[in-house]
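Asker: Below: one structure in structure tokens.
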Amino acid sequence: MLQYVRNYSAKFLISGLRCPYPVACLQRVPREIKGYGEGFKWLKLANPEIQYFLNLTGKSSQDKKESLFCPKSVPYFCSVRYGIAVFLLLCNVIIMSQRVCLSLTMIAMVNSTEPHGLSNTSTKELQDNIKNPVYNWSTEIQGIMLSSIFYGVLISQIPAGYLSGIYSLKKMIGFALLLSSLFTLLLPLAAEFGEILVIICRVIKGLFQGITLTTQQVIWIKWAPPLELGRLTALSLSGLLLGPCIVLLITGFICDSLGWPMVFYIFGACGCALSVLWFILFYEDPKDHPFISNREKEYITSALTQQVSSSTLIKVPIKAMLKSTPLWVISLCNFAFFWSNTFLSIYIPIYIDYKLHVDVEENGLLSSLPHLFAWIFAVLAGYMADIFQTRNTFSLVTIRKLFTSLGLLLPSLFSLCLLYLSSSYYATIIFLILANSTGSFAMGGIIINVLDIAPRYYGFLRGITNVIGLTGGLIASTVTGIILSEDAESPWLKIFLLMIANNMISLIFYLIFAKAEVQEWAKERQNTYL
């Protein structure tokens, strides 16, 4: 069917026929295609190639011939839209580096990271080094420090999501990244004045990181063709997974050679430099970009003809959203996903130190491996989701349920293996890598499911689901710190089983109630608002 439509569209365009509106082109489609009725209408809107063909009206025959096979001739990996995805990937790498580095430098900053003040042999060699000041912070204080950044991220999510449809994304992301980097630079100085100032600094930094994380996803409303949404989103968000890999890989070496304060100075300076480049290179709309090719610009705008711009978001149907079961199950799975991802990301170095008793350099190397594989799986998940959708292998809701199931079920399975089958050094590392990295398959599921059910309110709803998810991350980090401080016998068993139960309950509800079509309250004709 698709090949037939493409072949016929080619003949129609080369013939030089004109029609004032894309829909009018359907009047010249032969009976074989018209017979599909609504099916062809859906195919026209869902496939950017056909939309591109039908939008090439009022052009000369030569222009039509040159643009005819645009989806093949338009650059992909060397295109502006993929360049933006890579730029956002780098922004997310810096953001996560600034956030996660404390979990590893904590080993060098304090006298102990083990419950009940047990000796921490991995930091003794650093205690006499003037470049590595050591503080007497309890396990409870460490847990609050690690989780405090989530308070700031939590507060900023909903306002950032709503304002992203009103104010300039370029300025919001650029200034938020810059200010987050500046507070990263100030953290070593704050540590000298006590733990309270460190917590305050982390909360403020979280405010600006939350703005960056929420508003960046709204960019794809104008830049991502529908059948590339999964891979572009996954590529950009995979920086959240690659960042911890990089920071954990090099932080140990920086601590040993330059001192732990240099970790914050380096990542803070990189963030400042990247924010300057962002102001210079980024444009919010393909139509305004000075370096984008005409073919790519035409391809993107044609594919997004039926999309609703986020700038139309003024009033929000709160009552209808609160009654939406698909939105609730997405939020519930975000809670579980952020819970497991936050726990596994932040406490991996401490777990390795507790289980394997290695030095800081080896700890950083081992802790980086799960994040490296998580990044690979995230990019793979986005690409596979788009392939399944393009080839109509599964329905869209089946695709979302499949990748959400993989993202919540596999970490739970490998966490059980980590608890009961990791008798050796290598078994512990393998199961730890798999438990952390396989959660990235959710990139093809719940992470972009909101855009399926309510593209009109994507920025606002992304902020809400992030708030619920980050609440899970905040609770996970705090509860883990409390359990570690109060239970000396089997704290990690309780922590992992709690994560597994959370994942399974959320997944069951998602498989029952999840949807992938635009909801009635999210359609443009909706006029009743709170």
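Glycine residues also receive a Cβ, built from the backbone N, Cα and C atoms like all the rest.
Just lifted these from TrEMBL, have a look:
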TRANSMEM  82-110  transmembrane segment
DOMAIN    100-518  domain 'Major facilitator superfamily (MFS) profile'
TRANSMEM  141-160  transmembrane segment
TRANSMEM  172-190  transmembrane segment
TRANSMEM  196-220  transmembrane segment
TRANSMEM  232-254  transmembrane segment
TRANSMEM  260-283  transmembrane segment
TRANSMEM  327-352  transmembrane segment
TRANSMEM  372-390  transmembrane segment
TRANSMEM  402-421  transmembrane segment
TRANSMEM  427-451  transmembrane segment
TRANSMEM  463-485  transmembrane segment
TRANSMEM  491-513  transmembrane segment
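What's the neighbourhood like for each of these?
Answerer: Listed as Cβ neighbours of the transmembrane segment (172-190) (distance under 8 Å, sequence separation of 6 or more from its ends, same chain) are residues 91, 94-95, 98, 102, 160, 163-164, 197-198, 200-202, 204-205, 208-209, 211-212, 215-216, 260-261, 264-265, 267-272, 274-276, 278-279, 282.
For the transmembrane segment (196-220), the list of distant contacts is 84, 88, 91-92, 95, 98-99, 102, 144-145, 148-157, 160-161, 163-165, 169, 172-173, 175-177, 179-180, 183-184, 186-187, 190, 229, 232-233, 236-237, 240, 284, 310, 451, 458-459, 462-463, 466, 470: same-chain residues at least six beyond its ends, Cβ to Cβ under 8 Å.
For the transmembrane segment (232-254), the list of distant contacts is 81-82, 84-86, 88-97, 99-101, 104-105, 213, 216-217, 220, 223-224, 260, 262-263, 266-267, 345, 348-349, 359-365, 367-372, 374-375, 378-379, 381-383, 385, 440, 443-444, 447-448: same-chain residues at least six beyond its ends, Cβ to Cβ under 8 Å.
Cβ atoms under 8 Å from those of the transmembrane segment (327-352) belong to residues 100, 103-104, 106-107, 113, 146, 150, 244, 248, 321, 358, 363-364, 366-367, 370-371, 404, 407-408, 411-412, 432, 435-436, 439, 442, 445-446, 449-450, 453-454, 461, 464-466, 468-477, 480, 484, 492, 495, 499, 502-503, 505-507, 509-510, 512-514, 519 of the same chain, restricted to positions at least 6 beyond its ends.
Long-range contacts of the transmembrane segment (372-390) within its own chain (CB-CB distance under 8 A, at least 6 residues past either end) are made by residues 227-235, 237-238, 241-242, 245, 396, 399, 403, 406-407, 433-434, 436-445.
Here the transmembrane segment (427-451) has Cβ contacts under 8 Å with residues 220, 229-230, 233-234, 237-238, 241, 326-327, 330, 333-334, 337, 340-341, 344-345, 348, 351-352, 355-356, 366, 369-378, 381-382, 384-385, 399-408, 410-411, 414-415, 417-418, 421, 458, 461-462, 465, 510, 514, 516 of the same chain, all six or more residues outside its ends.
Tertiary proximity for the transmembrane segment (491-513) is limited to same-chain residues at least six positions away from its ends with a CB under 8 Å from its CB atoms, namely 115, 325-326, 328-330, 332-333, 335-336, 339-340, 343, 347, 351, 354-355, 401, 404-405, 408-409, 411-412, 415-416, 418-419, 446, 472, 476, 479-480, 483-484.
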Asker: Ranking 82-110, 260-283, 463-485 by the number of C-beta pairs under 8 Å to the transmembrane segment (141-160), which range is first?
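Answerer: By the under-8 Å Cβ criterion, the transmembrane segment (141-160) pairs most with 463-485.
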Asker: Where else in the chain does the transmembrane segment (260-283) make close Cβ contacts, counting only residues six or more beyond its ends and a cut-off under 8 Å?
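Answerer: Residues 84, 87, 90-91, 94-95, 97-98, 101, 105, 108-109, 131-133, 170, 173-175, 177-178, 180-182, 184-185, 187-188, 247, 251, 254, 289-290 contact the transmembrane segment (260-283) from elsewhere in the chain.
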Asker: Six or more residues out from either end of the transmembrane segment (463-485), which same-chain residues have a Cβ under 8 Å from its Cβ atoms?
Answerer: 115-116, 138-140, 142-144, 146-147, 150-151, 153-154, 157-162, 210, 213-214, 321, 327, 330-332, 334-343, 346-347, 350, 450, 491, 494-495, 498-499, 502
